[in-house]
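Copied over from Swiss-Prot, here are the features:
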| type | residues | note |
| --- | --- | --- |
| BINDING | Trp25, Ala57, Phe58, Glu59, Val80, Val81, Ile82, Phe113 | 5-amino-6-(D-ribitylamino)uracil binding site |
| BINDING | Gly85, Thr86, Arg127 | (2S)-2-hydroxy-3-oxobutyl phosphate binding site |
| ACT_SITE | His88 | active site, proton donor |
Amino acid sequence: MSGDGSPEIEVDGSGLRVAVVAARWHAETMDGLLAGARRALEASGVTEVTEVRVPGAFELPVAAARLARAGHDAVVALGVVIRGGTPHFDYVCDAATQGLTQVAVTTGVPIGFGVLTVDNEAQALHRAGLRGSREDKGAEAVLAALETVVALRGVAPLPQG
């Protein structure tokens with residue numbers, strides 16, 4: 001859901017329990033991502049929201065797994081990883097992406113992927129939903145997760161237990 005080709009999504013999320021897990025690194029960008037996520041949740045009618053903060057993107061999967069298993073209908077993961085001069089960027093991006101994918105597949109709970117993997121801070125800020133930003137990835141991650149919950153409920157609801 002990036003750039004000019006992103007779909008227009010409106011989802012009725014009333015009655016859904018949603019968790020947002022957000023990293024702390026890159027505070028200005030994270031403030032924008034969280035604000036966008038909150039706006040999208042409110043606009044979609046979601047009133048039961050749990051927010052959890054973790055140190056960085058590497059910690060997102062374990063928190064997302066715990067929240068998914070705690071009965072949330074969807075989990076939204078927000079973070080920022082900015083490329084540096086070492087392979088650390090690749091390791092963290094891969095761990096976050098693979099970890100969040102594993103959580104979604106093993107739990108059956110949709111994960112909204114709002115982890116920015118960028119080359120520099122300017123790219124992150126342009127995607128953070130701040131005044132003057134080109135994109136609002138926090139909101140997009142929420143809408144993707146909610147739309148997936150609604151789509152799956154119609155064809156393959158999770159067993160209650």
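Glycine too: its Cβ is placed from the backbone N, Cα and C atoms.
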Across Trp25, Phe58, Phe113, listed as binding-site residues, the smallest other-CB tally within 10 A is for Trp25
Do you know which of the recorded positions His88, Arg127 has the most other C-beta atoms within 10 angstroms of its C-beta? Arg127
With (2S)-2-hydroxy-3-oxobutyl phosphate as the bound species and Gly85, Thr86, Arg127 as its recorded binding residues, calculate the greatest Cα-Cα distance and give it in Å as a whole number. 23
Students should find that the Cα atoms of Ala57 (5-amino-6-(D-ribitylamino)uracil binding site) and Thr86 ((2S)-2-hydroxy-3-oxobutyl phosphate binding site) sit apart, in Å rounded to an integer, by 17
Same-chain residues at least 6 positions away from Ile82 (5-amino-6-(D-ribitylamino)uracil binding site) with a Cβ under 8 Å from its Cβ, in sequence order, are His26, Phe89, Val118, Asp119, Asn120, Glu121, Ala124
What number of additional C-beta atoms lies within 10 angstroms of the C-beta atom of Val80 (5-amino-6-(D-ribitylamino)uracil binding site)? 29
Using DSSP and three states only, what is Thr86 ((2S)-2-hydroxy-3-oxobutyl phosphate binding site)? coil
Out of Gly85, Thr86, His88, Arg127, which of these recorded positions is nearest Glu59 (5-amino-6-(D-ribitylamino)uracil binding site) by C-alpha distance? His88
Calculate the distance in Å between the alpha carbons (Cα) of Gly85 ((2S)-2-hydroxy-3-oxobutyl phosphate binding site) and Trp25 (5-amino-6-(D-ribitylamino)uracil binding site), and round it to a whole number. 17
